[in-house]
Amino acid sequence: MSAASATAASVTNLVTSGRSKDRNVGSLVFLGLLWFSLFFGVLVLVALIVDTAIKGAPRFDAELLTNYSSLFKPEETGFKAGIVGSIWLMICTAILAVPLGISAALYLEEFADTNRWWNRLIEVNLQNLAAVPSIVYGLLALAVMAVIGFDDEGVVLGGAIALALLILPVIIITTRESVRAVPQDIRQGSLALGATVWQTTWRQTLPSAIPGIATGTILGLSRAIGEAAPLIVVGFGVNVLFTPELGPEGLTSSGTSLPNQIYNLSSQSREEFVTAASAAIIVLLVMILGMNALAIIIRNKFQRSW
Amino acid sequence: MSDTLLPAGPPDRAGLRAPVDLSHKLRPGEAVIKAVLLTCAVLSVAITIGIVVTLIRPVIDFFDWPGMAAGDDGKRVAFGDFFATEGTYAVLPLIVGTLMVTVIALLVAVPLGLGAAAYLSEYASPRARKWLKPTVELLAGVPSVVYGFFALKFVTPTLLQDILALEVGFTNSLAAGLVLGVMVIPTIASLSEDAMSAVPHSMRQGSLAMGANRMQTTLRVVFPAALSGIAAAVVLGMSRAVGETMIVALAAGAQKRFDVDPFSGHQAMTGYIAQTFGGENPVGSTPYNMAFAVAMTLFVMTLILNIVSMIFVRRFRNVY
């Protein structure tokens with residue numbers, strides 16, 4: 001490209017974007033307001049993290065992670081039960097929600113005839129479920145537990161059911177998006193070679209969509225790890241002094257989660273508990289930001305363009 | 001039909017096998033898999049039905065229906081006592097508390113969310129958008145219990161009482177609403193950005209060709225064109241705010257009040273449910289059943305908001 005045509009192109013670009021006319025006071029103020037609204041949230045987030053980190057600074061010690069909660073020694077109270085409980089809950093939630101969510105999404109994308117009323121009903125219903133208040137899922141999980149025959153409150157299984165129901169719509173919606181992004185040519189090529197719809201889905205579509213599905217699933221799980229409301233309803237205790245056993249027996253033992261312990265300590269008046277809660281918040285944020293970072297890394301590393 | 005599709009080959013099909021018609025071939029394995037996947041999809045409908053069924057039973061036990069015997073603990077509540085402005089079983093103070101916090105949240109989230117969306121869709125380069133959008137969405141990843149703690153331990157004592165010198169209570173709707181608004185920003189920003197990006201480029205080019213600058217184009221062309229999508233985003237943000245629990249449970253307080261003073265604490269519907277289940281209320285007792293009645297009210301409210309939002313989305317899709 002010659003210098004003249006490059007200049008012409010950049011001038012055209014400037015004129016057609018409207019940027020050249022942005023010089024009056026009104027539009028500069030407007031641009032400033034847009035910048036402000038974009039960074040306001042980040043500002044709040046920074047204030048939140050800095051303030052919490054300063055409040056929690058005296059308690060960044062090993063006891064925070066290795067001690068159980070203690071009402072008698074507030075300066076040594078720890079969150080071992082909550083941290084292990086949250087991780088354990090996460091695993092159970094993933095086992096319950098991920099296969100179900102992916103299957104439902106595959107049905108809706110690959111098999112369903114969208115003109116049928118029942119398939120449209122499922123779609124509208126999914127959009128609706130994604131916006132149902134999380135506390136209502138806790139009530140539903142309570143009822144499901146009563147049906148299965150567990151009257152003891154606060155068992156890990158109940159919490160996992162509540163969280164799985166909560167993130168199921170999220171997983172279905174993100175999986176559908178990543179399945180839809182797989183080009184039609186790949187399916188047609190497979191079908192033309194004589195593969196059935198399921199063979200095409202299992203061997204071509206699903207492997208291509210896995211990075212997107214993994215991203216969506218991790219984001220869904222990182223939402224579940226921070227939820228406290230449904231777990232309060234299911235009856236998660238806070239002063240649990242043991243960690244659930246790894247394995248099927250652990251499902252029916254009572255447990256607690258990190259957000260529930262934070263909620264409980266927030267309303268305590270003693271300063272030591274507030275300090276401990278602040279430190280626990282930083283631990284929770286590190287866990288969640290770590291999961292988010294993992295999702296972003298997966299998305300950037302495996303993102304394909306066809 | 002299949003006869004007309006066979007022009008290839010010699011007319012008498014000499015030396016060729018007849019083509020296989022695969023369209024009606026029985027594939028039992030395939031059918032089973034399809035049925036399993038369909039079951040998983042139908043489960044979502046079952047969840048909705050499950051929610052309604054779960055909520056209805058205690059609600060029936062809660063109200064004093066004409067001609068029904070007394071409940072487990074010999075007490076049923078009249079409709080008049082539930083839809084009253086004060087009393088132990090009144091729901092209207094809870095609704096007022098919820099709406100107060102929601103309105104404050106929307107006052108924060110709507111301008112800021114729309115501003116962020118306008119910048120991302122109209123001003124940011126694709127490269128900048130790739131980084132800025134996840135940054136805004138990071139706000140949605142912070143757990144609500146953390147926001148609640150922040151509202152209770154920083155916004156109320158430090159920001160409102162010390163810096164702004166306002167006469168606010170230990171728990172107040174203002175702090176809860178402000179922080180809730182920050183939490184709702186990503187919902188509104190993300191959805192309105194989708195709606196604004198969907199406005200065809202020819203409309204912007206038309207506006208710019210008439211001599212408008214980017215601000216005028218954004219405000220007078222893109223905004224009106226994306227209005228139903230933006231309305232859907234705002235309604236969905238409202239539904240999020242109404243259903244949020246931990247922030248209001250921690251920062252808005254537990255006083256049932258029927259007034260609109262943002263400086264004092266109000267109990268919201270979700271806060272009431274959390275308080276009831278966090279305390280010692282046996283299954284079947286009147287407060288326990290009342291929590292389900294409140295949850296039913298909440299579910300119906302968010303359902304209506306979601307349907308309104310979907311209607312707006314459908315309208316905005318039909319325009320182009």
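Backbone N, Cα and C define each Cβ position, glycine as well.
The annotation domain 'ABC transmembrane type-1' is assigned in TrEMBL to A:83-295.
Beyond its flanks by at least six residues, the transmembrane segment (A:28-50) meets 22, 282, 285 of its own chain at Cβ-Cβ distances under 8 Å. Per TrEMBL, transmembrane segment is recorded for A:28-50 (among others).
Sequence-distant contacts of the transmembrane segment (A:87-108) (same chain, six or more residues past either end, CB-CB distance under 8 Å): 119, 122-123, 156-157, 159-161, 163-165, 167-168, 171-173, 175-176, 179, 201, 205-206, 213, 217, 220-221, 224-225, 243-244, 246, 250-251, 255, 257. For A:87-108 (among others), the entry in TrEMBL reads transmembrane segment.
Here the transmembrane segment (A:129-150) has long-range neighbours at 157-159, 161-163, 165-166, 168-170, 173, 227, 229-235, 252, meaning same-chain residues at least 6 beyond its ends whose C-beta is under 8 angstroms from one of its own. TrEMBL lists A:129-150 (among others) with the feature transmembrane segment.
Among residues of the same chain six or more beyond the transmembrane segment (A:156-174), those with a C-beta under 8 A of the stretch's C-beta atoms are 85, 88-89, 92-93, 96-98, 100-102, 104-105, 108, 126, 129-130, 134, 137-138, 140-142, 144-145, 150, 212-213, 215-217, 219-221, 223-224, 227, 230-231, 233-236, 244, 250-255, 257. If you look up TrEMBL, you'll see A:156-174 (among others) marked as transmembrane segment.
Here TrEMBL flags A:224-242 (among others) as transmembrane segment. Long-range contacts of the transmembrane segment (A:224-242) within the same chain: residues 68-69, 71, 81, 85-86, 89-90, 93, 133-135, 137-139, 141-142, 145, 153-154, 158-159, 162-163, 166-167, 253-264, 284, 287-288, 291, each at least 6 residues beyond the stretch ends and with a Cβ under 8 Å from a Cβ of the stretch.
Per TrEMBL, transmembrane segment is recorded for A:273-298 (among others).
Outside the transmembrane segment (A:273-298) by six or more residues, the chain places 49, 52-53, 55-60, 64-65, 74, 77-79, 82-83, 86, 211, 214-215, 218-219, 221-222, 225-226, 258-259, 261-262, 265-266 with a CB less than 8 A from a CB of the stretch.
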